[in-house]
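First comes the structure, then the notes that go with it.
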Amino acid sequence: MNATDAESRKPENKPSSESSSSGSTSGSSDGEVSSKTYFKNNKSKVLSGQREVVLEVVRDLSYTICKEAEEKLVERFPRKDGSNEMLPKEDSINTNHNYTTDSNEHPVELTTKTEECKNTEKTKKKSFVRALSKDKQLSAYRSRSRSTRLSYSGHISRTHSVEKSLSRYKKSVLRSRRTSFGHGRDSSTTKRSVSRDKDNRLRRRIGSSRSHTRSHSRFRRSEKKLPSRSPRRIRSQERRHERRRSMSSDYERIALRRSEPIKRRDKDEFFKNNKKVSGDIKKGKGNDNGTVAELEAKITERQRKSLDILTSRTGGACLTPDKLRMIQAEITDKSSAAYQSIAREALKKYIHGYINKVNVDSVAVITRKLLKDNIVRGRGVLCHSIIQAQATSPTFTHVYAAMVAIINSKFPNIGELLLKRLVIQFKRAFGCNDKTVCLTSSHFIAHLVNQRVAHEILALEILTLLIESPTDDNVEVAITFLKECGMKLTEVSSDRVGGIFELLKNILHQGKLDKRVQYMIKVLFQVRRDGFKDHQSIIESLELVEEYAQFTHLLLLEDVTYPKDILNEFKFDDQYETNEEKYKALSKNILGSHASDSDGSFGSGSNSETALSDCDKGKNEVNDKYTSGDIIDETKPNLIALRRTIYLTLNSCLDYEECAQKLMKMQLKTCQQNEFCQILLDCCAEQRTYEKFYGLLTHRICKMNKSFIEPFKEIFKDICQTTHCLDTNRLRNISKFFAHLLFTDAISWDVLDCIKLTEDEAITSRCIFIKSFFQELVEYMGLYHFNKKLKTEVLAGTLAGLFPKDNPRNIRFSINFFTSIGLGGITNELCQLLKIAPKSAPSSSSSSSLSSELSAPSDDDSSSDSENKKKHKGKNKKMTKKKNPSKKKEKTKKIVGKNKIAAKNKTIKRRTDKDNSSSKDNFLKSESSSNESISLDSLSSELFAPSSYSSSESSNDSESKEKHKGKNKKMTKKKNPSNKREKTKKKLSKNKKAPNKNTKKRMTEKDISSSESSISESKSLNCSASNQNENEKRKKRVTSKSRTKRVKMFKQCQWVDADNQRDIKRKKRAEYRYEPLVYRKRNEECLKKGAPNCRKDNYGNRQNHEISQRHDSEIKRRREERKKRHHEKNHSREYKRSKLGLCQREYFLYMCCQFYYPCTFQCLCQNCHFTFYS
């Protein structure tokens, strides 16, 4: 049969090709119209081939097919009885009808059409290959897009994909068999009609928008293709159709799945929340209400219905607001879940409303209103609303932090919950690189650190986390965080903050960040230099909680993991009424009697702040205990027990902060505060050396509770009055203890007004106390800052006892005291005042000591000249005899006065006649002119010295003259033993002047004899002449002597620098060394001439002896001894100098003053400004 078919096909090849070409041209020209007519004609011609023919064709194929595949291929063809399995009944009837009607014309038409189709397929082979490549590209692109859509959706089940793959395999096999069947069969019309019918059905299902020409061309290409390629091509086409079906079906499934949870959400919200609770319980999270089963058992059906109506999301039935209010009013049972949910919603509204009204002035008022409501039940809502409000308005962060600080002082668990949520929010934002959330949360944490709600360790951890990975955003967040809490961190832990600033400096030097961020770092350093003056830690109006009343939470970034979001949801409470009553009682204790008043009774913000601070202090509870009439035992056993407990707590604690917390928890009464302070002071005094633990502890206690400041002030005043009762060790410990309190400003500096430093009230114990007290203050503050503190106007009145300015004697004593303890720099003002004081004292008419001493000599000068002359005329001898013993006393006083004047670089001036007013005026003029070159301190000592220089008026008596002269000689002998060289010079001068003095004595004797003989003749004339001559001589002698002595003393008082003095000594030593050689040469020359040896000893006396020759060894030995002596002196000087704390120049002047003038000296060193007075 195959051979006959092949022979019949050969002669018909050419016409078929021609027809195909003509058909192709016509199809191309006609376009869509020809394709439509072609499909309409084919619809009527349905395949009705016999089943046996199909089976024979399948068996004659080159490759074998299994039976199942054969049956599947033959399923669509009708059997002999006319039935078809796959087609519906109508189709099978139509096929039978067509087969019977067209049976006569069938064989001729089929042969012609099959030949034409084959010729057209050969001509269109090239166009088919091109179209195939394009189809492959499109199929690849669609497969990719489908794979991405399927991966994104992820909702297609595995079973569906398996069924789809099987269906694809079946259809591809059917297609391959049909195409192969068309090639080996004579009646090609059957194959063409079946395939076109199938394509039409697929187009109807999909509703594709492609043109009929394109589908027709693809159909023809599929016919032309070889049997090996045809299954793949058909497979790709079928896959496209299946993909479209699968995508549409997938979308439907996804839509169904999305609609399912909406129905579930409409269920009861209460049970959904309780399921969450049960899940949290299984995970180990806390739940107060028990498991879900217990809660479901507790709620009745009636309560559940009302709860569904009020709390479900859909709202149940459509309820008007009036009807909803009526339903809510009917619910009065507080134990029901509906009532509790309504109360919770009302609480949520109140909290949101109050938090939105907060500002700087109304913080205290709003916190009081919040504390009236049960914020313990709504703590989750409260924290959530505060965080949300702070995120929306970051400028009010400090206000929200102050409100949280007040709530935290009363309910620490609420403050801890809010802080945990903030930390978790910051960690999540940091992980997601959300800069805005990081800024808001870190800003809030910084202000909580300032309010002492959060510990500073949390702030340091956040800073290290941000700076470890220095990006632009991280550094910007760190800078804003440091600006807000930098002032507080520098107060608490300055070293760690300094390390963070060093890291920022390194980041700035690297220059890897943006210029804007680098500029921000520079601005931060400038803010730090200014001391964060524009970024204060707490504003005064927001410092509402005392330090001792605040509870600080120590949280770490790693520890905080669970934010407790379940507290934001509603939970049913069995004991609702009892819990509400407990909270009301607690709020009354917190707010006091004002808790029951109306909101308008709180008044302004300032009054509310004071009321809140009084509540915070907790004094009302103590007063209630005293007024309740309870008997308080204040006998000794209680005091002993108190001492024991305090002593044990002091010894058991490792840190002063821990100890302060424990001591403040003891809740001491007001009468026990003085005893408490005294116990602390006794424990400090009993130590061998001072321990800073006690100073830090008292500072902490005084800052936590300011009522302890006054007892410590009273104790300080008592100790200043009773220093003689204490041991030196206790005195030192107590003085250092109070110095620490003053340095830290724990107590005010006004307590120093009880100290008086005068010569009359000076006691050794008090001096020891003041010495150690001031030295400890200088160690803490430094001399410059301490002096600056003392010069403030506030302390001017309190330091009048320590630095007196009323009396020069007290001034001098205070200066000497402070210089002796090494604090002479404090007394610069007193030294200047002492220089000015003697000038102003005589001019003033006050009753000071200066005026009283200066007024004494004026009384002696009040006598007139006439009275003196009358007295001295007749009673010269008597006056001399009477005044001789008084002169001795006066001269002894003169020696003391001269020593004082020599110590203060001054000269002594004698007054000869008090009778002569003219001579007195001249003397005062010379005195004032000479004193201009001398320091002002010398004038004061001269003024204080007693006036004992008045001479006797009985100058006519020779005996008085002789005695006066002899005593003058003795005075010169007593004065001059200070210097050996001066002695020698004065002895030589005395030896030269001795004959002149003898002659003078003789002359005076002759004058006396002549005067005695001529008394009877002319008493008055001789007396007057002799008096005038002798007065003139005495004036000349006094002036000459005073001038010479002034010059000598002034030269001695000219202070020379230590370096110049050493150079002078070295020159003298060098001259002394070379003196023996000069004397040797001179003596050798004298001996040659026959003259005696003219060598002089150290005193200037000549010696007649030979000079002993020195050997070199002896010279070396003496030099070494001299060096040893010099080294020992210098070593002792350096040791004393270091002990006194002086420089070399000061020590040299000090030693000179101690040796020559043990009264005063002043250093000329520019660096030291050291003065010493005695």
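Backbone N, Cα and C atoms are what each Cβ position is placed from, and that goes for glycine too.
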Annotated region 'Disordered' segment (source Swiss-Prot; candidates 597-616, 1057-1076): 597-616
Beyond the flanks of the compositional bias 'Basic residues' (1119-1130) by at least 6 residues, Cβ under 8 Å: none
The domain 'MI' (641-757), counted residue by residue under DSSP: helix, strand, coil: 91 helix, 0 strand, 26 coil
Mean of pLDDT values spanning the domain 'MIF4G' (348-531): 92
The compositional bias 'Basic residues' (1119-1130) - residue tally per DSSP class, helix then strand then coil: 12 helix, 0 strand, 0 coil
